[in-house]
Structure formats: C-alpha cells, structure tokens
C-alpha cells in the first residue's frame with residue numbers, strides 16, 4: 001500500500017503521466033498470499049503491458065485472417081500487400097490518438113478526485129469529457145453499432161468454419177449452437193480477466209496463419225490458375241475496405257487501457273501488435289492467393305479450398321475457440337454500456353451482472369442468422385462503421401481537443417518529434433480524415449454495399465447455408481446408360497389364347 005502511495009505521488013509530480021495510484025491500490029486490495037490467489041492472478045487477472053499487447057494482437061487478427069486471401073483476389077497481389085502495410089500504419093496512428101485522449105481525460109478527472117474503482121472508462125465518456133455530449137452521442141452510436149456487428153461477424157465465422165469439418169448440420173443451425181456458446185462470455189467481468197484467453201488466442205491465430213501459408217505452398221498452384229485481379233472497381237474497393245476493417249480492431253482500445261495498471265505505457269503497444277500481425281497476414285494471404293488465384297472470388301473462407309487433413313481440422317477448431325474469445329472482446333464494451341444504462345455497472349455480484357448482460361446477445365444472434373454473408377459483411381462494416389469509429393472520429397477529436405494554444409501547452413502528452421510535433425500531427429490527422437472519408441467510406445461504401453446487396457439477391461436473407469457446395473444431382477439416365485432416349489422399347493407380348501389357358505389348367509389339376 002505504501003508503494004502504491006509512492007507511485008501516486010510520483011505520478012502527480014511527473015509531467016505527462018497519469019495518476020494511477022488509486023487504480024493500483026484497487027488492484028492490490030484483494031491480494032492474497034494463498035497459492036490459489038497467485039494461480040488466479042497468473043491465469044485470470046492481467047493488467048501489464050504484455051497483457052495489453054496480447055489483447056491487441058489477438059483481437060486484431062481474428063476470423064478476418066481467413067478472408068484476406070479473398071481480398072487479395074479482388075485487389076491483386078501488389079495492392080493487397082500495400083494496403084495491408086498502409087492501413088496497418090494508419091490504424092496504429094489512430095490507436096495512438098485514442099490512447100492520448102484517454103490519458104488526457106483520465107488525468108483531468110483524477111485531478112477532480114474522480115474515483116474509477118468500480119467504473120470502466122469507455123470511448124464515448126472520453127469524448128463527453130473532452131468535447132461535450134454531442135460528440136459523446138456520435139461516438140456511442142458508431143462504437144456500439146460497430147461492436148455489435150463485430151460480434152455478429154464472429155458468430156458467422158464460427159458457423160462457416162465448423163461446417164468444413166462437420167457438414168451434417170447446415171451453417172444456420174451451427175449459428176444457433178454457437179450463439180448459445182458465445183453467450184457464456186457474460187460471465188467474464190472485464191478485460192482484466194482475458195489474460196490467459198488473449199495468450200491462447202494469439203497462439204491459435206499464429207498456428208492457423210502459418211498453416212494457411214505452408215499448406216498452400218505444399219499444395220501448389222491449381223491447374224490453370226489465374227491471378228487476374230483487379231478486374232472490377234467494385235471488387236477492388238470491396239477488398240480494400242476489408243483490409244481497412246482488419247486493422248480497425250482498436251474500438252476497444254480505451255477498455256484495454258483502463259484494464260492496465262500503467263495505462264500510459266500503451267502508446268506504442270498497438271504498433272508493436274500490428275507489426276506482429278503483419279507477419280501472420282502477409283505470408284498467409286499471399287500464399288493462398290498464389291496457389292488458388294481467382295477461385296477465391298467465390299470462396300471467401302480460405303479454409304474451404306484446402307484439402308481436409310488433420311492439420312486443417314486443427315486450424316478450424318483453434319479458430320473456433322479464438323472466435324469465441326474475440327466475440328467476448330467485442331461484446332464486453334457492449335455489456336458495460338448496457339450495465340451503465342440499467343444501473344448495474346457498479347454491482348459486485350457476478351451472477352446479477354451476467355444475467356443482466358444476456359439481452360445484449362439476442363440481437364447479435366438474430367443478425368447473424370439474417371446476414372450470414374461471411375466475407376462481404378466484413379467490407380460493409382469496414383466502410384460504414386470502422387471508417388468513422390476508429391479512424392475519422394479519433395483524428396477529428398484529437399484536432400479539436402488541442403485546437404487552442406493553451407490546450408496544446410497544457411497537454412498531458414506532447415506529440416513526438418519525429419512526426420513534426422503539433423504541425424505534423426495536424427497534417428497526418430487531416431490526411432487520415434480525408435483519405436478514409438473519400439476512399440474508405442465513399443468508394444469503399446459504394447463497393448461494399450453493392451457487393452452486399454448482390455449477396456442478398458443471390459442467396460436471400462436467412463439463407464440456410466451460405467456458399468455451401470451444391471449437392472450432386474442424380475444422373476437422370478440411371479439405370480439406363482445413355483439416357484431414356486436411347487432405350488429401345490420392345491413390343492408387348494401377345495396375350496395367351498383361351499385354349500392355352502384350359503390346357504395349362506387341366507395339366508395343373510392332374511398334378512394335384
């Protein structure tokens with residue numbers, strides 16, 4: 001406790017840091033010397049910079065790993081690689097902006113003696129504290145809608161993946177089953193409790209990524225493979241917005257930071273997580289596209305093209321577990337918002353909070369059944385929701401928060417020198433806003449919605465099994481080889497005469 005007090009004093013004196021003494025004290029109040037508590041802390045209760053890194057990396061590359069080869073078939077190899085690098089850097093920059101605004105907000109509140117002991121700070125509250133209620137309402141609407149559909153995508157991905165190792169049930173039925181399974185995430189209190197899950201999730205994703213790369217290279221190119229992308233502007237921008245969605249997984253940045261014991265250490269964590277994620281996404285997407293080419297245009301899930309082996313089945317199972325974890329990541333902020341709305345956020349009873357969270361899962365379950373379009377839905381969410389939630393709004397919020405000279409001088413965190421301090425920061429922010437608004441939301445929105453509507457027209461809403469193989473049609477010629485038109489019909493046999501009948505009957509009677 002004394003150490004926590006010393007940390008608090010040091011943090012108050014040090015410029016550009018956040019006073020986290022009260023927060024650290026909260027974490028240490030329940031500490032116990034028992035082996036059970038130590039084991040629980042090791043597996044369950046995380047708040048270090050390493051935990052934040054695992055959370056960011058694990059959450060960033062979930063089921064989208066399986067759709068990136070599909071995006072490469074739409075973009076072409078060169079554009080696919082360049083967009084991954086470009087949006088990876090852009091996503092890291094806006095995650096940095098969100099972290100700066102969080103630290104600014106929390107520092108101001110702690111100077112006012114605010115207590116976050118039983119309260120999780122969220123992005124819309126940061127916007128409210130720094131820019132007012134109108135920004136809060138906009139941020140809340142976009143963030144909740146994005147996380148809602150992000151959870152929907154995880155359910156769709158679960159059904160799509162499990163179908164490739166057990167097709168006795170259709171994908172819609174699997175969605176029902178996994179919806180019930182994912183509802184158990186209501187029992188995970190907060191991002192503190194994802195320590196072991198984040199670690200396992202990243203291990204599972206790493207295996208799947210390298211399985212895709214190695215299996216595709218060993219499989220080799222299919223006969224007559226073609227790499228014709230890009231061919232259509234609609235497909236090009238649809239693929240680009242899927243990559244925009246891939247590196248827009250930092251909608252939970254504030255909640256992850258709040259779970260840290262030292263939130264000010266988050267600044268470069270997302271960049272390091274993105275660097276690792278690129279070592280998974282680039283080799284896997286490029287290898288699968290090299291092997292299968294244009295076939296991916298009709299196979300949005302890369303696993304569907306690889307032959308069934310124990311290694312592929314292992315990848316499917318691991319991705320299913322990882323999608324369960326990512327579902328929890330996307331849903332937990334929604335649980336917090338719902339708890340605050342009904343007044344149960346500070347309740348200490350886990351069972352009461354879990355029961356209160358269940359209504360959040362119902363609309364997610366329903367939407368996953370209505371729109372089971374694995375792949376195209378990623379692009380639609382990326383262009384319409386991700387573009388504003390994690391790119392445009394954070395950049396604009398940062399520019400407006402520090403628009404005055406006084407705000408810039410008293411800022412808790414000054415921009416780094418290598419980006420040009422405040423001038424360079426404003427230039428980068430303006431570029432992000434214009435680029436994402438025009439390319440991501442404008443062209444990307446047009447392309448992804450066009451493609452999404454095409455899926456509805458082709459498969460319909462509530463489709464039972466999206467992109468499932470068509471069952472073989474029985475050969476109409478069987479059991480007559482060559483077809484019925486080659487069948488020679490014999491003339492009917494003549495009816496027996498009455499005399500023949502009586503002779504046969506008399507012969508039969510003698511036998512008796």
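Each Cβ is built from the backbone N, Cα and C atoms, and glycine gets one as well.
Here is what TrEMBL records for this protein:
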- 45-438: domain 'Amino acid transporter transmembrane' (DOMAIN)
- 81-103: transmembrane segment (TRANSMEM)
- 140-162: transmembrane segment (TRANSMEM)
- 174-192: transmembrane segment (TRANSMEM)
- 199-222: transmembrane segment (TRANSMEM)
- 234-256: transmembrane segment (TRANSMEM)
- 268-292: transmembrane segment (TRANSMEM)
- 314-338: transmembrane segment (TRANSMEM)
- 358-375: transmembrane segment (TRANSMEM)
- 381-402: transmembrane segment (TRANSMEM)
- 423-446: transmembrane segment (TRANSMEM)
Does the chain bring the transmembrane segment (81-103) near the transmembrane segment (423-446), so that three or more CB pairs sit under 8 Å (pairs 6 or more apart in sequence)?
yes
Is the transmembrane segment (199-222) close to the transmembrane segment (268-292), in the sense of at least 3 CB pairs under 8 angstroms with a sequence gap of 6 or more?
yes
At a C-beta cut-off of under 8 Å, are there same-chain residues at least 6 beyond the transmembrane segment (234-256) that contact it? List them, or none.
52, 55-56, 59-62, 64, 67-68, 70-75, 79-80, 83-84, 87-88, 90-92, 94-95, 98-99, 102, 120-123, 126, 143, 146-147, 150, 190-191, 266, 270, 274, 277, 281, 297, 329-330, 332-333, 336, 375-376, 378-383, 386-387, 389-391, 436, 439-440, 443-448, 450-451
Against the transmembrane segment (314-338), which of these stretches has the most C-beta pairs under 8 Å: 140-162, 174-192, 199-222, 358-375, 381-402?
140-162
Intrachain residues whose Cβ lies under 8 Å of the transmembrane segment (140-162), provided they are six or more past its termini:
62-63, 66, 122-124, 171-172, 174-175, 178-179, 182, 251-252, 301, 303, 316, 319-320, 323-324, 326-327, 330-331, 333-334, 337, 363-365, 367-368, 371-374, 377-378, 381, 385-386, 388-390, 393, 466
By Cβ distance under 8 Å, which residues at least 6 away from the ends of the transmembrane segment (174-192) in the same chain are close to it?
45-47, 55, 120, 151, 154-156, 158-159, 162-163, 252, 255-256, 258-259, 320, 324, 327-329, 331-332, 335-336, 350, 353-355, 357-358, 360-361, 364-365, 368-369, 372
